[in-house]
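**Q** Can you read through this structure? Questions will come right after.
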Amino acid sequence: MQFKHFKLATLAAALAFSANSFADITVYNGQHKEAATAVAKAFEQETGIKVTLNSGKSEQLAGQLKEEGDKTPADVFYTEQTATFADLSEAGLLAPISEQTIQQTAQKGVPLAPKKDWIALSGRSRVVVYDHTKLSEKDMEKSVLDYATPKWKGKIGYVSTSGAFLEQVVALSKMKGDKVALNWLKGLKENGKLYAKNSVALQAVENGEVPAALINNYYWYNLAKEKGVENLKSRLYFVRHQDPGALVSYSGAAVLKASKNQAEAQKFVDFLASKKGQEALVAARAEYPLRADVVSPFNLEPYEKLEAPVVSATTAQDKEHAIKLIEEAGLK
């Protein structure tokens with residue numbers, strides 16, 4: 001009897017050791033905190049691996065990772081803009097992601113890492129939010145380029161400091177050329193109203209300060225969920241037909257090559273791309289899941305109906321060039 005109890009105690013100890021044999025991981029998080037917290041909790045429940053989130057702005061965290069190099073305490077970089085991977089990849093700071101994991105979110109138009117060292121996880125669409133008590137869909141332009149004209153002077157808000165805006169400038173430059181991109185930026189400066197954040201621009205439309213603004217879709221969906229669509233003045237307009245104004249930008253994750261917990265870090269990225277991970281993410285924030293078997297509870301415009309332009313993954317050079325155009329236009 002004592003021998004049987006000894007065997008049971010030994011088995012229990014072994015199982016306890018097995019359950020806790022994974023190391024904790026640290027994630028440098030530039031994704032919106034509620035989304036990152038939701039997926040981190042879901043991952044902890046699924047695996048028992050504890051996740052510590054070090055949250056901040058994606059660009060600042062990417063710069064910190066470059067400074068820290070192989071001494072970084074980070075295991076994973078989770079960002080709201082895949083463009084921030086460009087410098088890190090070029091510097092050789094990212095570890096390869098398995099092809100099996102990458103293929104889980106590989107849809108038409110979704111950027112793929114040239115070195116297969118990061119993965120896109122969710123999308124957000126550029127949209128025009130407008131005050132439906134002052135404007136209707138027939139007043140909306142067919143191209144985002146037309147909002148930077150005297151017709152819209154004092155009537156269009158924009159946020160030049162957001163990562164999605166930078167991505168839109170990159171797309172404009174690639175699709176239409178530098179001259180068109182620069183003229184658009186100068187037109188916005190001349191005719192538009194500058195706001196510090198997308199949420200502030202949205203609220204300006206709600207408050208009647210400006211009749212329309214260029215923002216990301218999820219800000220409106222989150223506000224609609226909170227207050228009810230019937231209580232909002234604002235509505236969304238989707239530009240579509242592969243116009244730069246229909247751009248979809250993507251969040252993503254990468255494993256740091258310097259991570260001492262490679263297995264756990266890779267497991268976390270695998271989870272983010274899995275059905276359970278995607279469900280946790282899109283339940284917390286109105287972003288587009290990149291898996292066909294996951295549906296957002298926010299009643300989003302169907303991903304395939306966005307008609308977003310297909311633009312190659314942003315490189316470090318693309319980013320630098322877009323920043324120069326923004327600066328040349330006097331927006332920074």
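Any Cβ shown, glycine's included, is placed from N, Cα and C.
This is the feature table in Swiss-Prot:
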SIGNAL    1-23  signal peptide
BINDING   His32, Glu80, Tyr218, Tyr219  Fe cation binding site
**Q** For the recorded Fe cation site formed by His32, Glu80, Tyr218, Tyr219, name the remaining residues of the chain with Cβ within 8 Å of the site's Cβ center, in chain order.
**A** Ala35, Arg124, Asn198, Asn216, Asn222, Arg285, Ala286, Glu287
**Q** Mind giving me a neighbour count for Glu80 (Fe cation binding site)? Other Cβ atoms within 10 Å of its Cβ, every protein chain shown.
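**A** Around the Cβ of Glu80 (Fe cation binding site), 26 other Cβ atoms lie within 10 Å.
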**Q** Taking the Cβ of His32 (Fe cation binding site) as the centre, how many other Cβ atoms fall within a 10 Å radius?
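**A** Excluding its own Cβ, the number within 10 Å is 18.
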**Q** What is the total of other Cβ atoms whose distance to the Cβ of Tyr219 (Fe cation binding site) is within 10 Å?
**A** 23
**Q** Restricting to the same chain and to sequence separations of six or more, state which residues have a Cβ under 8 Å from that of Tyr218 (Fe cation binding site).
**A** Arg124, Arg285, Ala286, Glu287, Phe298
**Q** For His32 (Fe cation binding site), name the DSSP secondary structure in the helix/strand/coil scheme.
**A** coil
